Amino acid sequence: MENFRKVRSEEAPAGGGAEGDGPGSGPFADLAPGAVHMRVKEGSKIRNLMAFATASMAQPATRAIVFSGCGRATTKTVTCAEILKRRLAGLHQVTRLRYRSVREVWQSLPPGSTPGQTPGEPAASLSVLKNVPGLAILLSKDALDPRQPGYQPPNPHPGPSSPSTAPTSKRSLGEPGAGEGSAKRSQPEPGTVDEDRKA
């Protein structure tokens, strides 16, 4: 591919996959008309997405929000959904995974810049079809069907996680802990002479 450059990238027409999503219908067909759809892209800033999503979900008319992203934006999509679930308690979640077909068109470099290509030859093109994973996460204030695949109930303990209650040691500052003092070499008391040094 070193002798080619990418000319364009376009979404391939849907081939009637298992989910039956037509173009524009989305992964959640039964959404209310007032639902907010956030398309997360690779270059999106999380703070900008979260500012808009939080403001939208604060309105009483907005009952649901969908975060969707594909390719390199899937991790950012999950991060946005998890942040919103921590900020707003009681959100029901449904996650859907699907694949999007993307057709990339590559064209050979101009004549003369490629070794072995004669100047009068037309530029060759190459078409590549890729299946890119995509993720859509629905967060709803209203209860959803718990039997549908990908459902997660609301978190019973919202907010930041509390620090762990690990048992604290009751030893004083000068005492060695369990197993600490056995590896240290004992120091002689000042003013006493070691018997090995006398001999």
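Heads up, residue numbers simply count up from 1 along the chain you see.
Keep in mind that glycine also has a Cβ here, set from the backbone N, Cα and C atoms.
Because TrEMBL annotations are produced automatically, they should be read as predictions rather than curated entries.
Residues or ranges marked as compositional bias 'Basic and acidic residues' by TrEMBL: 1-11. What TrEMBL lists as compositional bias 'Gly residues' is 14-25. According to TrEMBL, the compositional bias 'Pro residues' annotation covers 151-161. The compositional bias 'Low complexity' annotation in TrEMBL covers 162-171. Here TrEMBL flags 37-100 as domain 'DNA/RNA-binding protein Alba-like'. Among the features that TrEMBL reports, region 'Disordered' is placed at 1-30, 144-199.
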**Asked** So what pLDDT does the domain 'DNA/RNA-binding protein Alba-like' (37-100) average out to?
**Response** 94
**Request:** Over the span of the domain 'DNA/RNA-binding protein Alba-like' (37-100), count residues by DSSP class, listing helix, strand and coil in order.
**Result:** 30 helix, 19 strand, 15 coil
**Prompt:** What is the three-state DSSP composition of the compositional bias 'Basic and acidic residues' (1-11), stated as helix, strand and coil residue counts?
**Reply:** 0 helix, 8 strand, 3 coil
